[in-house]
Amino acid sequence: MPAITCTSSNVHLPNSPVSSPTTPTTSTVSDTPVKTVSVGMTTLSYIKTLIVDDNIITAKMLSKILSKEFGHDTTCAVSGKEALKQLSDETFDIIFMDIDMPELSGIETTLAIHASGSTVLEQNRQIPIIAYTTNPCEERYFEAGMNGWVGKPANHSMVRKELERVCSSPSTFTNSNNTRTNLKS
């Protein structure tokens with residue numbers, strides 16, 4: 001089954017007023033400064049998020065929170081196998097992972113992402129993974145390599161709190177735009 005892209009969009013606006021040029025220009029979107037989205041003490045700019053959930057309704061609910069409230073560009077995968085395929089084809093900045101899925105559970109998928117023989121792109125092996133589940137938070141999620149937990153159904157404040165916690169490390173990472181992003185302001 002092909003990947004389902006949840007409806008979301010990002011508009012990259014210049015940080016200063018732009019006057020209309022008198023002659024056509026060849027500048028691209030990447031030349032334009034991008035506005036950032038502030039989440040508490042954490043500044044996030046263009047975060048590409050993979051949501052892995054076999055229940056498309058809960059995936060779309062989370063997608064709506066992430067795209068509308070935080071400016072994330074979201075993609076949904078309905079299985080662990082589909083997530084591994086997505087992670088082999090394109091880079092992401094963060095993953096929200098359901099635990100109870102058919103074929104490959106969220107824990108099995110997380111272990112496969114981190115496996116040395118994995119077909120997952122190297123850039124995707126170290127990105128944060130947040131468990132997104134109706135199950136209570138369990139140590140086994142972290143033992144598998146997950147970095148956080150959000151319970152279903154999630155709301156804006158739950159997602160915000162966990163994003164701030166997971167992304168508050170003083171380290172930086174290369175995001176899907178191949179730019180260094182400091183997640184701690």
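Placed from the backbone N, Cα and C atoms, the Cβ positions cover glycine too.
Since we're looking at a predicted model, the values are computed, not measured.
Residues or ranges marked as compositional bias 'Polar residues' by TrEMBL: 1-13. Here TrEMBL flags 14-30 as compositional bias 'Low complexity'. The domain 'Response regulatory' annotation in TrEMBL covers 48-167. The region 'Disordered' feature in TrEMBL is assigned to 1-30.
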Confidence summary for the domain 'Response regulatory' (48-167), mean pLDDT rounded: 94
Helix, strand and coil counts within the domain 'Response regulatory' (48-167) (DSSP): 53 helix, 23 strand, 44 coil
